[in-house]
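Q: So Swiss-Prot lists these for the protein:
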- Asp21, Phe22, Asn23, Arg36, His59, Leu60, Gly61, Arg62, Arg118, Arg151: substrate binding site (BINDING)
- Ser183: phosphoserine (MOD_RES)
- Lys201, Gly292, Glu323, Gly350, Gly351, Asp352, Ser353: ATP binding site (BINDING)
- Thr299: phosphothreonine (MOD_RES)
Amino acid sequence: MNKKSIRDVDLKGKRVFCRVDFNVPMKEGKITDETRIRAALPTIQYLVEQGAKVILASHLGRPKGQVVEEMRLTPVAARLGELLGKDVKKADEAFGPVAQEMVAAMNEGDVLVLENVRFYAGEEKNDAELAKEFAALADIFVNDAFGAAHRAHASTAGIADYLPAVSGLLMEKELDVLGKALSNPERPFTAIIGGAKVKDKIGVIRHLLDKVDNLIIGGGLAYTFVKALGHEIGLSLCEDDKIELAKEFMQLAKEKGVNFYMPVDVVITEEFSETATTKIVGIDSIPSNWEGVDIGPKTREIYADVIKNSKLVVWNGPMGVFEMTPFAEGTKAVGQALADAEDTYSVIGGGDSAAAVEKFGMADKMSHISTGGGASLEFMEGKELPGVVCLNDK
């Protein structure tokens, strides 16, 4: 990575404004999944060990520029203190006199959590005045929030206009892993693209067709490709306005020598429920009032075989409606194939794919699980991320 990280700067005694991603799911004031807090620990611990005064900023939920009591970061600060094994202070503001006073009272190695930055309307507008207020608290800006790196907000990008700006360890790792996958991949390189909609994945499919040896398609978006081949798809998801594009992608794959894999059989149903009756049919045999909801067993075998023979696999998007047991087998099979493939480096592109490997207890078998759904998708589309562009070059 050609951006400076916290390893490249002197931190002792410095006030560090560190943007983290503590946007964790909450239920009745309790954190239900603390993965994102744990992901930030190495950076926070490094800053503490280096004798920095660690000022943490994050958003939580979508308060839309207003104070929403349930979205305060107080429970997060409390849990962070437990995980760090030290006293973590919490400010009820994200800038201004109260925050400044608390920062002024900090000693080297102290940790302070600021209030939810999205309580202020200027955050999502990347307001320069708000960015200046944040910058006034600190000597150095550290961005460790890869999950928000695709957003040009005051605390992720704007603040870098007023302070030296470097990446944290999590951000550095994300950029290294994803950057290497796209610029210098080990081969065979396979991308697995799933999820519901073609329109969400157009950019990533187009960009990856220039990079990969194999492209595997699954999930709801597969049926647009199936229809593009002239097959009936019953009530399956389809974007009729993307059929021509699907044809174009298949033609492009052929021209570029990319092996393009699509389902050969699918799981179909007449209803969405945990007790739904399902059938397995060939891809050209979906009845008119049934809907495709997962890849079938033959497809799972083919996909697993491609995975096993790949050196690098990037996975973005599930193979079916994995949240429901009858439609989860395809996604589970892809996860299992990745877990079993010992010579394969697996990169899970955040969002639903990350949720799936967590759900099936396979997370520890994956080489890298990205902490950013939207950010990793935009990175894989070849877009520049505002939260990265703003960092100082080495």
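Using the three backbone atoms N, Cα and C, a Cβ is placed for every residue, glycine included.
Quick caveat, the model's predicted, so the values are computed rather than measured.
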Q: Looking only at DSSP and grouping its letters into three states, which state does Gly292 (ATP binding site) belong to?
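A: SS state of Gly292 (ATP binding site) = strand.
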Q: Quick one: among the recorded positions Asn23, Ser183, Thr299, Ser353, which has the most Cβ atoms sitting within 10 Å of its own Cβ?
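A: Compared across Asn23, Ser183, Thr299, Ser353, the most Cβ atoms within 10 Å surround Ser353.
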Q: Give the sequence-ordered set of same-chain residues, not counting Asp21, Phe22, Asn23, Arg36, His59, Leu60, Gly61, Arg62, Arg118, Arg151, with Cβ within 8 Å of the centre of the Cβ atoms defining the substrate site.
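A: Apart from Asp21, Phe22, Asn23, Arg36, His59, Leu60, Gly61, Arg62, Arg118, Arg151, the close residues are Ser58, Asn116, Gly147, Ala148.
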Q: Taking just the CA atoms, what is the gap between Arg118 (substrate binding site) and Ser353 (ATP binding site) in Å?
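A: With distance taken Cα to Cα, Ser353 (ATP binding site) is 27 Å from Arg118 (substrate binding site).
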Q: Sequence gap of 6 or more, Cβ distance under 8 Å: name the residues on the same chain that satisfy this around Lys201 (ATP binding site), in order along the sequence.
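A: Expected: Ile193, Gly195, Leu221, Asn316, Gly317, Leu377.
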Q: Can you count the other CB atoms that lie within 10 A of the CB of Asp21 (substrate binding site)?
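A: A count of 25.
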Q: Are there residues of the same chain, six or more positions away from Gly351 (ATP binding site), whose CB falls under 8 angstroms from its CB, and which are they?
A: Asn316, Gly317, Gly373, Gly374, Ser376, Leu377
Q: Which whole-number value in Å describes the distance between the Cα atoms of the residue listed as 'phosphothreonine' and Ser183 (phosphoserine)?
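A: Counting only the Cα atoms, the answer is 29 Å.
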Q: How far is it from Asp352 (ATP binding site) to His59 (substrate binding site), counting Cα to Cα, in Å?
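A: Each residue's Cα considered, Asp352 (ATP binding site) and His59 (substrate binding site) end up 20 Å apart.
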Q: Does Gly61 (substrate binding site) have same-chain partners at least 6 apart in sequence with Cβ under 8 Å from its own Cβ, and which are they?
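A: Once residues fewer than 6 apart are set aside, Gly61 (substrate binding site) is near Asn23, Met26, Val68, Glu70, Met71, Asn116, Arg118.
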Q: Would you mind reading off the Cα separation of Asp21 (substrate binding site) from Ser353 (ATP binding site), to the nearest angstrom?
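A: Answer for this pair: 19 Å between alpha carbons.
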Q: Going by DSSP, is Lys201 (ATP binding site) part of a helix, a strand, or coil?
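A: In three-state terms, Lys201 (ATP binding site) counts as helix.
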Q: By CA distance, which of the recorded positions (Ser183, Gly292, Glu323, Ser353) lies nearest to His59 (substrate binding site)?
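A: Answer for the nearest of the recorded positions: Ser353.
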Q: Sort Ser183 (phosphoserine) into helix, strand or coil using the DSSP assignment.
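A: It is helical.
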Q: Relative to the Cα of the residue listed as 'phosphoserine', which of the binding-site residues Gly292, Glu323, Ser353 has the closest Cα?
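A: Closest by Cα: Ser353.
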